[in-house]
Amino acid sequence: MTILPKKKPPPPSDPEGNGERSGSGGADSHSRSGARPRSSPPPRWAYPGNPAPPERHPAGTPRPQQASPPPCSGGSGGAGSGPLGEGALGPCCCCTGAGGCCSGPGHSKRRRQGVSAGPGAPGSSPDREDGAGNNSEDEYETAARTQAIDPDTAEQQEHWFEKALQEKKGFIIKQMKEDGACLFRAVADQVYGDQDMHEVVRKHCMDYLMKNADYFSNYVTEDFTTYINRKRKNNCHGNHIEMQAMAEMYNRPVEVYQYGTEPINTFHGIQQNEDEPIRVSYHRNIHYNSVVNPNKATIGVGLGLPSFKPGFAEQSLMKSAIRTSEESWIEQQMLEDKKRATDWEATNEAIEEQVARESYLQWLRDQEKQARQPRKASATCSSATAAASSGLEEWSGRSPRQRSTAGSPEHPDLHAELCMKPPSPAATLMLGKPPSPCAPGPSNQTCAGADRATSPLVSLYPALECRAIMQHMSPTAFGLKDWDDDEILASVLAVSQQEYLDTIKKSTLRRDSSPDHS
């Protein structure tokens, strides 16, 4: 008879351990409810001990820096490998609650501990249980880390980071608006040149994730459709999954800088090329900014535009702006020249007018001076001048009606006396004189004087003498009904001209006959 050894009794069960194991199982089933089968999520940062990535996507550049504590190992949230394993980056988030919009690659240790305690454990809450399906531990721990940073130290660190990038790399950090879409704003600024295009970038990214859901769903802890719907909100932050999707979508590497001159992470696309990467900077574990290279145009690269040359549009616009500026300057100069020419012409006209006015005034002064100078003349000229002056005054003092009534039937005695009175010799002599002393001929037969040709009154002497004589004569003697100054002056001038011509003829005959007698 064979005696078999007795089995050892099982050790007494530990109620706490059983509770923990049962709680862990419940948490695992709860966290996986409705989720796709997936591999373990990758850690947030790359470490030397991580396995190599699969063949689809090139691995991110491993960096020794760490922006957050390393992920926890063990259980379903242990470190694993995946295409996003190397180069996984924490999200840009400002969420303070369990239901935040940010998501990262690793499980939250705090979440696992809270869930493993079970729903009836002390310290557990429905909010913590409801948020257990989110993808990133930063949704729970970012607020605590942010509050622990000293504002002065953070400001100095930001200043040093910006200065180091500009001095060593020549890059400029372009600030993005802090509204939850900073990652998409930074990418939109790099691709479209306008951060307000972040909604378009977000939509394209979410559509790309949905088309490749069989691949990207392996790196999301929650239901993938729920994750995509949450990420479509404009105030929901992005993380490393969106970076990888945008790197593949635009076929441009995505470089992430965090307080250093070398990128701490690089996300590569499916195909390698020489295109300029999309550069973003990560600040205080909560915010992304755009890093711009001012010496190289990158806007439009990755949009699939045929025959597109970065910066060509800017060069064309610059040439057009320069040409427009030159044309405007030329037109302005031409307008100024026209204004100056117009002013010059107006100035010349004003000067000429002023000179003419002054010359005319000077001529009037000279005429007045010459008229006031005493004239040297013979006795005949003096008597003729006196008679002419008295006759002119008397003639001008009488009105035309008085002059016309001199020969009217109302004064027959005066008319007869005037008709019987012979004209004076001086008047007879003056009738034979030429009307102007400037006319050719013997102008100095009766009166000689140096100032006779220049005096303005000399030319009036014949007219004055004629008027003195005509005022004593009746208009009927000349076949006129009444005296008319214009007709009388015309007739007198005609008679004077005829007498002047006769005098010239006589003087010519005398000159011709004088040589014969000699």
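Every residue number used here counts from 1 along the chain in the order it is shown.
Note that Cβ sites are derived from N, Cα and C of the backbone, with glycine treated the same way.
Record note: among 148-154, 176-182, 295-301, 176-182 is the stretch given as region 'Cys-loop' by Swiss-Prot. In sequence order, ASN234, ASN235 constitute the residues six or more apart from ASP179 (active site) in its chain with CB-CB distances below 8 Å. Between the region 'Variable-loop' (231-241) and the region 'Cys-loop' (176-182) there are at least 3 Cβ pairs closer than 8 Å, counting only pairs 6 or more residues apart in sequence, which means the two stretches are in contact. When pLDDT values are averaged over the region 'His-loop' (282-287), the model yields 88.
Across the structure, HIS287 (active site) and CYS182 (active site, nucleophile) are spaced 6 Å apart at their Cα atoms.
Look at the active-site residues CYS182, HIS287 and count other Cβ atoms within 10 Å of each Cβ; HIS287 has the fewest.
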